Structure formats: C-alpha cells, structure tokens
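These notes are about the structure you will find just below.
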Amino acid sequence: MAKHRRKSRDLTLWCASIVFIIQSTSQVRGAPGPSSEFRTYARVQPRVFHRNNQITTHTKINNSSHPQVLRVDLNIDGVSRTIDLRLNIDLISSGYRQVHQLDGHSKTEVPETVELCHYHGSIRGIRSSWVAVSTCRGLRGVIYTGKTLHHIHPEEDSLSSLHYLYSHSDLISNKTCGTPGVAHDFPRKKREVPWGYPKGPYNSNRDSRYVELALIADTTIYKNLDRNLNNVHHHLINLANIINALYTPLNVFVALVGVEVWTSRDEIVITTDSLRTLTNFMNYRKSKLLNKIPNDNAQLLTATRFQDGVIGKAGVGAMCTLSSSGGVIRDHSDIVGVVAATIAHEMGHNFGMHHDANYCNCPDEDCIMVSTLTSSTPTHWSSCSLEQISASFSQGLDYCLRNRPKSLFGGSTCGNGFVEPGEDCDCGSKDNCHISCCNPNTCTFRGNASCATGECCDLSTCQLKRAGVTCRIAERECDLPEFCTGTSEYCPEDIYKINGLVCRGGTAFCYEGLCKSHGDQCRILWGLSGSSSPRVCYQQNTKGSEYGDCGYNPLDSTYSPCEEVDILCGRLHCQPPDGIRFQFGADGDVTVRHAYVNSGNTFASCKTAVVDMGTRDVDPGLVPNGARCAEGKVCVDQRCISAERLLGRVDRSSSCLKNCSGNGICNSIGKCHCDEGFAPPDCRRGGTGGSEDSGPVGPSGDGETDGLAIALYLIFLGIIPVVVVFVLCYRCRRKKLKGSIWNEMFISTYVSGVQWIQRIRSYIPPEDSTTRNSDKVFTISDSIPGTRVQVIKGNLVSTTNPEVISISRSIKINESDSTVIKNQRSVVKGCGMRPNLGGIPYSAGSASGIASGGSNDLEFMCESNSEIYAAFKRLKPVRPGPSTQRDEVQISDRRAFYKKKPPPPPIL
C-alpha cells in the first residue's frame, strides 16, 4: 500500500508542468533594440516625476534611496496615461540574505542596505488597472490597463532613453502544456462573471497569507547577465516584484527573503530532464538551502533548455512542505514580465492549483493557470484556481504562511494597505480604496473621522464603537470573547483560558485556546468518521519506527521512540472506516502506515500518518498538545506531564490563585475573567463580567446610569406629554379656546417636550451601528370623509428634526386598508382616500358618517398598516350650497401637523 501511495505521489507531484514551444533558437539578454518575441511594438518616452520635478537618469534621491512616490506620464495605445507608483517596501524582508560562491565555497551576506527601486501602482482613473515596474535601469515591468497587459523595456539602461512597449497579445510563441490528461484542445470562451479588482489587505488582514520566497540563479543566468552579481540581484528582485503583484488578488503577499547565485559552479546537476533537475533541486533545498536561506518556497532559475520545450515544473500541493515546496523555471524570455508569469504559474501548482479546465470561469479569455499560454492576457485567476487554493488552505496547506515577515525597510508606505507608524489609516491605492473614512493620498482620517479600520470601527459613521460591543466571539470551548474598549478601533489581544483547564468532558485540557483530544485530531486527519485506536496501538510508539514513534526527523529520516509513560503523546493512531481517504494536506506529502495489533480476541486497526509540514511546524500526525494522557496529566510536546505543572507555567495573579472567588476563570495572561454579573479583577463585586485584558462587557457606568436615563426617557416621553395634553384639552373645552390658540399651545408644548427628550437621550450610550431608527412615519389626515367641514392647515412640526417648523400644502393618505380608532366622541372610517386641499373637491368614497356629539371640536386618529394619521383640529360645519354635489374642504383655520417616529404622542 505504501509503495502504491508513493507511486501516486510521484505521478501527482511531477505532473504539473508547463511546456512552451520556443520559436527562437538563441537567447541574447540585454541586446539593444526591440525584442523579437513580439510581432510589433511601440517606441515610447516615459516621463518620470518626483513631486513636480522630472527625473531623467535614475530615481535615486541624492544618490541614496529611491522616493516612495513617483508619477509617470506614458503614451499607451495612443492615449496619454498617468501612472501613480508607490515603493514596494514590503518586497524584501528583514534578514534578507544574498548568497554567492567565493573561492569554491558559499558566502552568505546579510546586507545592511539593498537598492530598492521596485514599485507597485495603478493607472490614474482606471480602478481595475495595476502596475509593477522597477526604475533602477530604465523602466522595466508590466502595466495592466484593465483590459490589456503591456510589457515595458528600455532600449538602454536609463530613464531618458526610448522604451519599447509591447502588448502581450502580440507575443509570437504559443506555449502548450504537456501535462497528461488535461483537455486543452477546446477553444476557451470568455464567461460573463462578476469580477472586481482585489481590494488591499486592509479589509482582510486576518486571512492574508505571506510567502517567504527564495530565488536561485544558476551559472547560466550569471553568465547571461555579464557575470555581474548586481545585474542578477536586480533581475531576481524584478521577478519577485511582479510575482507579488500577480498574487495580491488572492490576498497572498510574496516577500523575497533571499537570493543565491551560483557564480562558479552549479550546486546540483542540471540536465535537460526537468523532472530529474527538480528532484535534485528539492533535495538541495532540503539539505542545504534552508540552512542558508530559511524559506517557505524556493524557485530555481536556469537558462538550460529542458527536453520537449518544458520551461517550468513544480509539485502540486507542495507549498510549505520540506520535500517539494518549489520548482524549476527556464528563464526563457528577455521580458521580465513573461518569466514572472511563468514562476507565478508554477507556484500556483505548489498552492494546489491545477490547469484551468473548460468549465472554469475566467474574466478574460485566459487566466494564469490556463493549460495553453497563448498571446492572450493571463492576469487573473479563474474560479477553479480560487476554489482550489481555498480547499488547499482549508486542508492545512497554509501552515507556514500566517506570519507576516517584517520589512527590511523601516518606516511607512502610504497606499500599501497596512497601517504603519505615522499613519492614521491605509486603505490601499486611490483607485482601490472604498472607505470614506480614510484619505488614500495622505493616509489620514477624513473630516471628523476617528477611525477607518479595525473591528471596533463603525465604517458607516467613521466613529469608534462603544465600549462593550463584542468584537471577537469565543469560537471554541477554551476561547474567551473580546470586547471593544471604546478608545481603540482594534479588538484587544486574543485572550483565551489558561492552559491546563479541563475541557471536552475531561478528555482533554485547554492549550493555547484549543481543546483537542485524540479523537478530535483523528477527525481532522480522517474526517468525521475518524476515531482514536485502542491503547494497544499506542504501544507501537515505543519502537521508534514508521509504525509508531515520538517524532520524525525528515532531514535524516529517523524516528524517535517514546518512553513508556509518553506513549499516548507520540504518534497518533486512528481507526477510520475502510475506504476513507486521508483528508489533511496534499496526498503526495503524507506517508500512511496501517498495522493490525493483537488485542485479545480481536485485532485492533492502527493507522498512522507522517505529514510533511516543513521544519517550522508540528506534524499534525502526532498527538496534539492538550490531549489527556493519564489522570490529571496532559500531553505537551510529546511528553505526558502534570496539568498542575502546566498551570504553573503562567504567572497567575492572587485572584487567579484564589479561583477568582468562584465567579470566573483564569485567562492566558494569568488574570481573572469574571462571569456575567461580576467585576474584575477578583470577581468579588458586582459588575458586567469580562476581564481587564479583553475589554469591558457592557457600557461604562454599568446598568444604573442607563436605567435612570431610560426611566427619565419614558417619563418625559410618555407620562408628562399625556398629562400636559390632557390638561390643555380640558382647559380648551371648558373655555372654548379658538383653534389658533389650541394649535399654538399644542405646538409649543410638543416642541418643548421633544427638547426635554433630546436632553435625556444625550445621557444614553449610543446603540450599535447596526441599530437604526425605524422608517415608519406618523403623519396626519387632512379631512374627515363624509362630513362637510373646513380643515385648517398651518404650522408643522417634525420629530425627526423637532427644531424645524415648516409649512406643508400637500398631504395625502396612501393606504386604503385602514382601521378605525375611536377617539373621544369621534369615529372615522375609510381612510383610504386622497383628500385635496385648497378648496378642491374630494370624493368621500366609502367613508361612513361621523358622530360629532353636537360639538364643533373634533379630534380623531386614523391608523393604517404603515402609517398613523392623527389630527388636532378645530372644525367648522359647512352648509352645502345649491350646486354642491360633493363634500368640499375649505382652508380657513389653523391646526397642528406633525411627523413623528414611533411611539407617537398620545391622542386625547
């Protein structure tokens, strides 16, 4: 079975290759004149500006560093374009190493300074455009206009020289993939799929991946570049700059951690057999390169011609693995963008991507992983590529890609999408910034904004969320929630329960916020049907063999045996049902062993797996930290230790040592996280819960101030208005006040009450940003159907802006399915008409009569499904004239008219 799996691994690992039929028979790098690889070209003269000063030779300032911001004016396809560029300071990581050979030995240097003249940017006014160029020796790189890809290359190594601009669609050579089983004979059709150019990492930093890339150049590259180390270094950095631009849409960022140049002899045997060359290079990376330049992925660049026109080969799903995370590339073009696209393609295979099939959705004619690279514009990733890389990440292929490498170049670069020292915010480039709170040109807040990013920033208002809003939920049993502090846009540090607390019903202990038992880990590796094998299987771990161990060293292929006391903390033994495949990582990078061990009357099934996750990550085929190995004991780093010993590793506060007064638990920092209803730090007094580290659970001031404010709010909104209106109504009826006096008194009282309500609201903490006032509006009907009355209309008051009193001359009732509310002596039915004012007749429709009880004063309210019409009026009967056929409404008095969001003022 192992042999069969190994054969399958070899077939999958090496089948991902990209083949080019190269028409030219020789390669002359750096020769003057246009490239012969394109049918046509354009001669252009770029104009490069720093601020408002044109640069004619190079972009160095005072012969030191290159400016962070440049502007380039360039004619593209007959149209004058302006390109905005920003220095890509994240391209080269801190600790960047340069290795070359000297006197027959490798010499490793960690340079204090590296010339960085590599820029990313976009064409002004074209949101979907992107640019990746260098300015060290003229303008070299790629320009994507949103529709077409262009390559730019100087005639001489100077910004003042003429440049050649090539359209990728004019590339002469067709490149055909030789991968078996891939159908590439069918014409690709452009699919209509929604596609937006990727946003910067500001909106998804938590999910960003970072590839620490090493590029190796063999002796043929060194010779082709005039045996000049600086030329080779610039060429390799140019490639990395463009590769990074191609991967940015996937939220994957490429940082160059080092380059190695074989100046005198090749460190491996490079032959025309691409598979053999790749095998040799992967062995070299494993045994030597990782010690010189630690990396996540390595690519070898050579000018050697491989058999059958192959120009690239890499392993599928091999990213982060020790044995095969890398590829070999033929430097097949003078145009740096063409070679960079080939490296990006091969790295795609490392990420688990296969060649695009005919059913894959692509926004262009072809995408980067197309099996046949024609003269189209491969600048996007297809739907299949996105699905495949997502599946790879979900299976753990991104283990080594979570740490963001620190930039070699300090300071900040506005527009790179990362908020750095000296910046209020950074939403990416101007054309890709979609946040109104941040100025993309200066990376400062706009207007009165106090934030522009982070989980605790309300992007609709650009203000901080109130203290106590949950910004990170507790995702697992051993996790703890975090809350906004009210003073920062960022969620507090991720805090979890202290290591060593019992979880999962006693089958495990909390460790680094996780709770994993033997069975849990088996389900991760084998799916939901996986379970842990009996203890007798774990006895195999004392042998230190491929069937059981306490650790495997991939560098020398040796197994470490377990001590008897540690057997349940060594190699994980699982018993999935027959026919279940291993479901973690790539098939080619896992070695599965299956043994049957006598267990009394039966044989126990013991399946183990050794997973290649590189040298910096723990093999998931081992028992996870936190698993229970004995009563009161826990597995940590393949050793079975006391849980009390694990608890003692954290400097716990006195409150934690006292069990948080029985009202909380210790967190990972050694402080109490209190239950709801108790306050930190010791959980003895009443409070809202939480801890000093995770932020307050509720608004500051707790519930007493809020309760008082709400009580006052209800009093002034409900009770006082009712009393005031009742008194006014009573006095009005007794003294038979005129309608004008009634309206003036009512409006004055109403506005005064609203002002009191506003003052009370100011003491109440704002709700979450998602809470909005209702759109339901309360208004007033304009007439009473079925009666001959004159309705006065005048001063209007709106509670959405109570300070504004306006005049309205057009009121209409929108709904016919209304109900009737009895109000004092008046009942109104049939609110579904549209009465007209200003003396224009209206139709009574189906309105019923009204009993006025012999009074000229009429107050009524008519309620519909979405609106309530309430009127406070003084009405006068109108005697019909001889020609009166319909009810008419005359405007002769004044009445109050107001809009209010619920609840409405009381109607008496």
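If you go along the chain as it appears here, the first residue is 1 and each next one adds 1.
Backbone N, Cα and C define each Cβ position, glycine as well.
Keep in mind it's a predicted model, so treat the numbers as computed, not measured.
Annotated features, as they stand in TrEMBL:
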- Cys320-Cys400: disulfide bond (DISULFID)
- Cys360-Cys384: disulfide bond (DISULFID)
- Cys362-Cys367: disulfide bond (DISULFID)
- Cys471-Cys491: disulfide bond (DISULFID)
- Cys656-Cys666: disulfide bond (DISULFID)
- Cys674-Cys683: disulfide bond (DISULFID)
- 652-684: domain 'EGF-like' (DOMAIN)
- 1-30: signal peptide (SIGNAL)
- 710-730: transmembrane segment (TRANSMEM)
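Packing against the domain 'EGF-like' (652-684) from elsewhere in the chain are residues 480, 495-499, 501, 512-513, 690-694, 697: each is 6 or more residues past its ends and has a CB under 8 Å from a CB in it. In this structure, Cys384 is the one among the disulfide-bonded residues Cys320, Cys384, Cys471, Cys656, Cys683 with the smallest number of other Cβ atoms inside 10 Å of its Cβ. Counting only the Cα atoms, the space from Cys384 (disulfide bond) to Cys362 (disulfide bond) is about 9 angstrom. Listed in sequence order, Cys660, Asn663, Gly664, Pro680, Cys683, Gly687, Gly689, Gly690, Ser691 are the same-chain residues six or more apart from Cys674 (disulfide bond) with CB atoms under 8 A from its CB.
Here the domain 'EGF-like' (652-684) is broken down by DSSP into helix, strand and coil counts: 8 helix, 8 strand, 17 coil. Between Cys400 (disulfide bond) and Cys491 (disulfide bond), the C-alpha separation comes to 24 Å. Figure note: comparing Cβ neighbours within 10 Å for the disulfide-bonded residues Cys367, Cys400, Cys491, the maximum is reached by Cys367. The closest partner of Cys471 (disulfide bond) among the disulfide-bonded residues, by CA position, is Cys656; the full candidate set was Cys320, Cys362, Cys367, Cys656. The average pLDDT the prediction assigns to the domain 'EGF-like' (652-684) is 89. Here the candidates are the disulfide-bonded residues Cys320, Cys362, Cys656, Cys666. The one whose C-alpha lies nearest to that of Cys491 (disulfide bond) is Cys666. When the disulfide-bonded residues Cys320, Cys360, Cys362, Cys367 are compared by Cα distance to Cys656 (disulfide bond), the shortest distance belongs to Cys320. Residue pair Cys360 (disulfide bond) / Cys367 (disulfide bond) shows a Cα separation of 9 Å. Cα proximity to Cys320 (disulfide bond) (within 10 Å) is found for none of the disulfide-bonded residues Cys362, Cys367, Cys666. Residue pair Cys367 (disulfide bond) / Cys666 (disulfide bond) shows a Cα separation of 52 Å. In this structure the C-alpha atoms belonging to Cys666 (disulfide bond) and Cys362 (disulfide bond) are separated by 51 Å. Its Cβ taken as reference, Cys362 (disulfide bond) is surrounded by 25 other Cβ atoms within 10 Å in the chains shown. Annotation note: Cys400 (disulfide bond) sits in a coil segment as assigned by DSSP.
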